[in-house]
Amino acid sequence: MFDGLSSTAKERGHKFHISVPNHPAEGRCSPCCAQFNRLRLYISAGMAPSLGPVLPDALSPSLHLDHPTDTENKAIWTLTSNSWKDALPADVYLEESLHLMTVPLAKDGGMTQWVLVDKNLLRERRPLLASCETFRKRSWVSDTYGNVAEFITHGVASVYCDPRYRGRGYASRLMKELAEVLPKWQTAKTKECIASVLFSDIVRRFYTNLKWYAFPSYHVEFPPWVPSAGASPTATPLFAGDLAKLCKQDEALALKTMATPRTYHMLWHHAKEEFATKVLLNLQPQVKGAISGERGNRIWAIWTHRFYESPQNTISNNTLYILRLVIE
């Protein structure tokens, strides 16, 4: 008996063996086995017999960046749902992913999706070896004389590699290709690309080796607090209609420190928040933050809710994130 399957094929449920009948001269051949020298091949599988294309080497010149089709987008979102769907059901996460492509930050080319694929294969047959998204952002740079100029920065997000293809160097190849493309992507003479940035919760070594160097950052975490009975709040709630004006004022203040927000970035997070709360709580959150003080001496915070688990859980990792804290 010869077992001719790779370990990958075995994992997929394929059974493959060649049975060679005994020679009649040995006296152990069944009468029905007249053609003793005939090889019989048996293939049974829980899925289609095809084992798919042979995976290319990560250094292959045939690999390049492309943009996924709608069908490929669905495949990517299905794969990433286990990691990023939070409290949403997987099928609703796919709906959310499609919805987020229509909000101001993403639409009209604001978001670009990338896949690493073999350019020699047809779109309907090519494996998606790795994928990511980039967001076009405004950035400001000042020189030693205090002159400020606006540039483009690309934010890299959702870097992902199919678990079946990990350990082959595809994610690294994706990022190397991206580093070549982004400096000229969506640029013009008056809007050059000055940098690309990404936020990641994996070990920094992976991105450092690819020349995305870690930048020191800090955050403040507040424990949940329940106000005492009869306490009156001193802050005024912020609503969606308040954000554009505040972001513009924030920008004027932030140009001094080169950290400029934009309404679209706030709306992106709020679109995700509103989609999740509609599904999980059947409501739409109206309050987007709070503001306190007189003009010229104000403090305000813009926030968003993130539901990693069911909101019915009293003990959970659900978090209220402060997107922007401004002291005027």
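A Cβ is built for glycine as well, from the same backbone N, Cα and C atoms used for every other residue.
Features as listed in TrEMBL:
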DOMAIN    154-187  domain 'N-acetyltransferase'
DOMAIN    219-328  domain 'LYC1 C-terminal'
Take the domain 'LYC1 C-terminal' (219-328) and count its residues per DSSP category (helix H/G/I, strand E/B, coil), listing them in that order.
34 helix, 27 strand, 49 coil
What are the DSSP helix/strand/coil residue counts across the domain 'N-acetyltransferase' (154-187)?
18 helix, 7 strand, 9 coil
